[in-house]
Amino acid sequence: MRTLTLLTTLLLLALHTQAESPQGSTKEAPDEEQDISVFFGGDKGTALQDAAVKAGVTCSCRTSSCRFGERLSGACRLNGRIYRLCC
């Protein structure tokens, strides 16, 4: 259940980030993979944040398929391009 909640939150975060991206960006993202940090805001720690820290969850935006040990968790947008979010 916690995993489902974490994945849902990551997906919503990716969609929210995509909606806030400025339109018409002229910069192109490099074709290399880029790591991103996921932060769960708020003054107090949440159970979801605590679970993510304990589990050591690290997510990356990947141009190709997810690496061994990672799962496709949604999509992320960098500089106007959409990538795979692998955690």
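Using the three backbone atoms N, Cα and C, a Cβ is placed for every residue, glycine included.
As given in Swiss-Prot:
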| type | residues | note |
| --- | --- | --- |
| SIGNAL | 1-19 | signal peptide |
| DISULFID | Cys59-Cys87 | disulfide bond |
| DISULFID | Cys61-Cys76 | disulfide bond |
| DISULFID | Cys66-Cys86 | disulfide bond |
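Shown on the structure are the features that Swiss-Prot records.
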residue	record	DSSP class
Cys59	disulfide bond	coil
Cys66	disulfide bond	coil
Cys76	disulfide bond	strand
Cys86	disulfide bond	strand
For the disulfide-bonded residues Cys59, Cys61, Cys66, Cys76, Cys87, work out the Cβ neighbour count at 10 Å and name the residue with the minimum. Cys66
CA pair Cys86 (disulfide bond) / Cys76 (disulfide bond), Å rounded to integer, equals 9
Can you grab the distance from Cys66 (disulfide bond) over to Cys59 (disulfide bond)? Cα atoms, rounded to a whole Å. 10
Whole-number answer please: how many Å between the C-alpha atoms of Cys59 (disulfide bond) and Cys76 (disulfide bond)? 10
Expressed to the nearest Å, what is the distance separating Cys76 (disulfide bond) and Cys87 (disulfide bond) at their Cα atoms? 12
To the nearest Å, how far is the Cα of Cys87 (disulfide bond) from the Cα of Cys61 (disulfide bond)? 9
